[in-house]
Amino acid sequence: MNAHQKIIKDNARTILKIITKYYGCKYSAALYVILKEHPDFPSFLSFQYILHRMGKDSFAIHTSYEELTNIPSPFIAHVITNVDLFLFITKVTAESIQTIDEKGKIESISRKDFEDMWDGNILIMDNRPGKISIPLKMKFSTIIKQIKYPMLILCVAILFAYLLILKHEGGILFYLYLTGVLGGLTASILLFVDQIDKYNVHIKKLCSATGNKNNIDCSSILDFKDAYFLGLVSWSDIGFVYFLSLLIVLLFLPFGTAQALINFLSVCSIGYVCYSLFYQKFIARKWCTLCLSVQVVFVFLFMLSICTLKMNYIYELLHLNSIIEITTIFVTVTSIYIVIKPIIATQKEHTTLKRKYNELIYDENISQYLFQQELCLTDVDKVNKISIGNPDAEICLTLIFSPICVSCIKELQKLMPILQRKANTKLDLIFLLDQKKHPESIVIASHILSGYQKNPQLFAMILKKYVDNYPISKNKILHNIKFLDEIPKYEPFINAQEKWCITHKFYTTPILFINGRKFPSYYNIKDIDFLYSYISVH
């Protein structure tokens, strides 16, 4: 087998499955979502991140093939093709290397083939068993994301089947028309996808030239002004509205009316087919496979129309009821399409921009610059704080918060799991309360402070329980009347923190600092999980 064929499709997911199986962890789709969230996915950094979440140490090195025989296996090797790909290597000899796939099957790659692909970088892992706990909420969210499109397709299919049953049409002619319209709608959907996502791999495969067919290029046809009617509306949009409207007409109106309409429109549209073929053949001198598929449907419906065309059917279209019903269907479909298409296009554009934005803000130089532009506290050590985590930690997170502030609670819900995973991190808490507007806040803050002073070692667990169960946990504290007598002894501590905040003109919560430097607004709170690999805040 060719060495390149050994590199498994969907490489990063496959490597993750191999890692989890090899080290005794249970793979789930949510685990892959965690891996993909890393800003450097797919890379050694992203695999190091997930390995750390599994409780495993790892480090990357640059080495030579001769040294690989002395390096403990297994390890992950980075290979160079047109994208980043990885191999999970279990054994190295002077002549070959052994890789393992997700099913446990071992395959060999010759030294020459491996060296042709390998860039000299490997990721070494310890041999300890792995363990990772994924929140149920994240598992559920991942399942929903996985099934939402299949579920939508299933629901549409069920609805379509139900409408066919209600139609009570058993003639073969009806199903010939239905096949033609569905074929046209399918081709129009593919053209719609091409408009929204120019880099869709499936569309690229349909539109790419193979072998000696170098005159196939959809972009040469679809991306220029001639693909637009009067330079305003693309033929792709017209085709989508056209075939979807015909499908609704075919399913909801009497077959005689639908047949007459399709026959009439098919005869009228044959001129467009001739123009499109002429344009592709003699002007653009390129063929668009998606366009040709639509034209095949038009020709099919035209031939069907010629065979079944009857003038008395055409007269049915002139009835007022038929005109109103058909016009209503076309106008409704057009209106919905005009509204929905920009939403889908904007969502796709937003996803692309978000990916590029993340690539930008996670650049080491840019992240350093963003932090340097933020406020730096020089006297944060002068105020007493609630401290969680390793007191000698290199990274100190300081959160100015209110225990009844919903935004603060949400940030703590994200920070607490990160804190548990980071041995070199501690979290300092500073209260900033609005006692005039929310007098109950002093009760909650005092209760939290009492838990810290009574048992600092278990306070992280106490705080996590409070934020995870909020607002039930808040209401439970407020109903504890006995605790009200203890509040005065905690007020000096809380008031001193408030005074410090006001001195620095901090009036809102939450406010987060990392090693005394304010956390830039360009980042999300969960980004802290990744930023340790990129920044060193001074």
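Note that the numbers count up from 1, one per residue, in the order the chain is shown.
From the backbone N, Cα and C atoms, a Cβ is placed for every residue, glycine too.
Some features that TrEMBL has for this protein:
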DOMAIN    5-125  domain 'Peptidase C39'
TRANSMEM  147-166  transmembrane segment
TRANSMEM  172-193  transmembrane segment
TRANSMEM  229-254  transmembrane segment
TRANSMEM  260-278  transmembrane segment
TRANSMEM  290-311  transmembrane segment
TRANSMEM  317-340  transmembrane segment
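Remark: the transmembrane segment (317-340) makes no contact with the transmembrane segment (147-166), by the rule of 3 or more CB pairs under 8 A. Remark: the transmembrane segment (290-311) contacts the transmembrane segment (172-193), by the rule of 3 or more CB pairs under 8 A. Through the fold, the transmembrane segment (172-193) approaches residues 200, 203, 206, 222, 236-237, 239-240, 242-244, 246-247, 250, 255, 258-259, 262, 290-291, 293-294, 296-298, 300-301, 304, 308, 341 of its own chain, all at least 6 residues removed from its boundaries and within a Cβ separation under 8 Å. Across the domain 'Peptidase C39' (5-125), the prediction's mean pLDDT works out to 89.
Mapped onto DSSP classes, the domain 'Peptidase C39' (5-125) shows 44 helix, 38 strand, 39 coil.
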